[in-house]
Ligand SMILES: Nc1ncnc2c1ncn2[C@@H]1O[C@H](COP(=O)(O)OP(=O)(O)O)[C@@H](O)[C@H]1O
Ligand SMILES: [Mg+2]
């Protein structure tokens, strides 16, 4: 018998006008798993992430995180509960340094409000120093420590995804959602990314991943969910998914053709 | 800046310095709102006016001390700003600019029409000087010293904020609201906080202005003033707190030179605003920094280039 899932998604549905982007999707993510969501472009993968993180409100369905219903909660509330994410189209703070980007991720784990910050009290400086140190260690984890003081806008696309991962980790999540983190990475960089994901898992953080790079997905995931036109068409361990007729027809066959 | 009044003991110049100080306080707040958080207000003359009228009403109608006037300015400016920010800042996009524009026009009409309270077009006269214990800040020089204390305080508070957790949250909202929220920032809360703070600083500026001038009237708080304030923020440079000091200083002096062309104020400052946005998006602070880095690079590159040449020949 398995334990209570960390994330329990039940009949999640999202309609944009007449378009059903996510259609009655249910799946579970257990602690310490790496789970992948795959599917063709427009299948609704990013929308699922948006629904899980409060960026979009579900039309119907429930999202239980650690047994609490978080569907429709505001993004910053969801983050504080312990879900962090990265964005497929990276959303860095271009007007800030690489290090400061990660420090923003510490926001919910810090306390000093506007009055204390204004006065520059010792507590503010202590908290800041601590958060800077944590941010530095996360930059080290993703291999960006040398670029800490560069403007975030100067990073190439691959490193942008890595910075997003560091920023997400800074929120101290229990579950991290990665939206196509290997996009724009070469083989060597993708291997590094796999290492980073293993390290994240090693730190006791559960991973839910959207990714098109099938060899990466098959290597690191414990389980795979396949979406097509907003609906779940398969779920299971990578080896079985690779042989699933429906999946091959809807997605993998096409992916092989593309490659 | 602190030494200037001793050099020029002429009251005319000192009054300009007081206005410069007042503008700096207001522009520091606007710099946080626009530069750090990326929220545009084209109605801050309203808060400037609310501060001035609050002080004027409390002191002339109720005979209370100017310090109550200042307190009333802070409280009223803050509360009104909160009421405006609550519904508008929750929305995304440029609703705030529109809302502040409309709001400022309404406030201007209220200054004109609530005659019993505001004195209508005549305004209110006979504001007392600010005093502390037995000490009165009645001469311009003394008032300037007091304003200067508030300028320094506002500057220190602004610098502290920008480099803190809250400052990073504001800049994050500016950079990407969706990523800020997903990083744990309550975006609506911080947008409201910085808007209220900027309004309170404008109200404090208004209160000082009223006590310096000794009277208040509606024409001091028009759309033209709002645009002048925004121009100060942009010309100084939005990405740096010191830009507020530089923008407020240069344009206050310029405005004084252009007093004779007062009727064209809005055209002139609107023109400067557009030119600055197109040709100097980082403001004077950014242009200055670029100049410094160019000189630095030249002094580094020149010997290098010489070395390359000799190696080639
Ligand atoms: N905010 C939105 N408004 C309208 N349609 C949307 C919105 N977000 C996504 N969609 C649509 O929902 C579908 C799923 O999109 P998405 O979740 O981004 O797919 P994927 O990430 O799997 O490529 C697409 O048809 C997309 O155009
Ligand atoms: Mg997507």
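Even glycines carry a Cβ here, placed using N, Cα and C.
TrEMBL annotations: computationally assigned, not manually curated.
Per TrEMBL, these features apply:
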- B:12-33: transmembrane segment (TRANSMEM)
- B:40-58: transmembrane segment (TRANSMEM)
- B:64-83: transmembrane segment (TRANSMEM)
- B:143-162: transmembrane segment (TRANSMEM)
- B:194-215: transmembrane segment (TRANSMEM)
- B:221-254: transmembrane segment (TRANSMEM)
- B:266-289: transmembrane segment (TRANSMEM)
Most Cβ pairs under 8 Å with the transmembrane segment (B:64-83), selected from B:12-33, B:40-58, B:143-162, B:194-215: B:194-215
Selection from B:12-33, B:143-162, B:194-215, the stretch that has most Cβ pairs under 8 A to the transmembrane segment (B:40-58): B:194-215
Other parts of the chain folded back onto the transmembrane segment (B:194-215), taken as Cβ under 8 Å at six or more residues beyond its ends: 15, 18-19, 21-23, 25-26, 28-30, 32-33, 36-37, 39, 41, 44, 47-56, 66, 69-70, 73-74, 76-78, 80-82, 84-85, 89, 96, 123-130, 137, 140, 143, 146-147, 150, 154, 170, 221, 229
